[in-house]
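Participant: Below are the features I grabbed from TrEMBL:
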type: ACT_SITE; residues: Glu180; note: active site
type: BINDING; residues: His179, His183, His189; note: Zn(2+) binding site
type: DOMAIN; residues: 81-279; note: domain 'Peptidase M12A'
type: SIGNAL; residues: 1-21; note: signal peptide
Amino acid sequence: MATSTVILLVCLLGTLNTVQCQHEEANPEDVENNGEIDSIPVEENYTVSALIERANKNAGQELDDPEIVEGDIAVYTGLQNADPCTSRGCKWQRSSNGNVYVPYVIANQFSQRERAIIEKGLQSFAQSTCIRFTRRTSQKDYVNIQSRSGCWSYVGRRGGEQVVSLARSGCVYHQVVQHELLHALGFNHEQCRSDRDSHVRILYQNIIRGLEYAFNKINTNNLGTPYDYGSVMQYGRYAFSRNRQATIVPYPNPNSVIGKASQMSRMDIMRINRLYGCRR
Ligand SMILES: [Zn+2]
């Protein structure tokens, strides 16, 4: 069992607790966005990580949820690191026609509208990569998309059924769907990249106590791609902040826009294609 890491995008302590998700079915762009809340610009509330933090406030508290040991990355049964697993067999298999079929089922908990958003997210991978999310028939390994508590996924293929949780309250957004599925494909967060210190500064003093190690570097395979502030796997500037101060600051230019992707970036796509050897 090479891969037992779970990425649990958890708002353990909810630095954004004061921001209620009043529009749980609203698109972030539709939500009023003028002003600031508690010194964090409102626009920051709709970064991938802020959406996820908020949705995951209570994640991991149900009996059958994986144990949450980090704010965003939770360990299921002991493994700390994630995407190095891709060199140890946690990739999904490429078929002889060059496509990588990832079987899925979607629980019937979701509304038609939510289901459409999830399906759109799944199908978006086919537009620019060789990943093909396809309805499961009888395949052994597959992704089971459910509304559990919070937004979370395992990293890479675990073998057998693996849950991707997209809680109806707060996770069913295009960018979050893509983010969680990228975990299932074997990708970790951008700020955990092995070369991140050349591109971001992590302000540990502002991180929620006990979650510092969610910002640890991982010996990632960066696939020859540059660090990407616009990756859908990049957390926002205030992710897991305990004091409403920034936790991730771009370097050397601290004013660079970071962590605001509304969909997979060009680089996210390139990485998928490289990891899975897609012929493009
Ligand atoms: Zn994540």
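Each Cβ is built from the backbone N, Cα and C atoms, and glycine gets one as well.
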Participant: I'm trying to understand the geometry here, so how far is the Cα atom of the residue listed as 'active site' from the Cα atom of His189 (Zn(2+) binding site), in Å to the nearest whole number?
Facilitator: 11
Participant: Within 10 Å of its Cβ, which one of these binding-site residues (His179, His183, His189) has the largest number of other Cβ atoms?
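Facilitator: Output for this query is His179.
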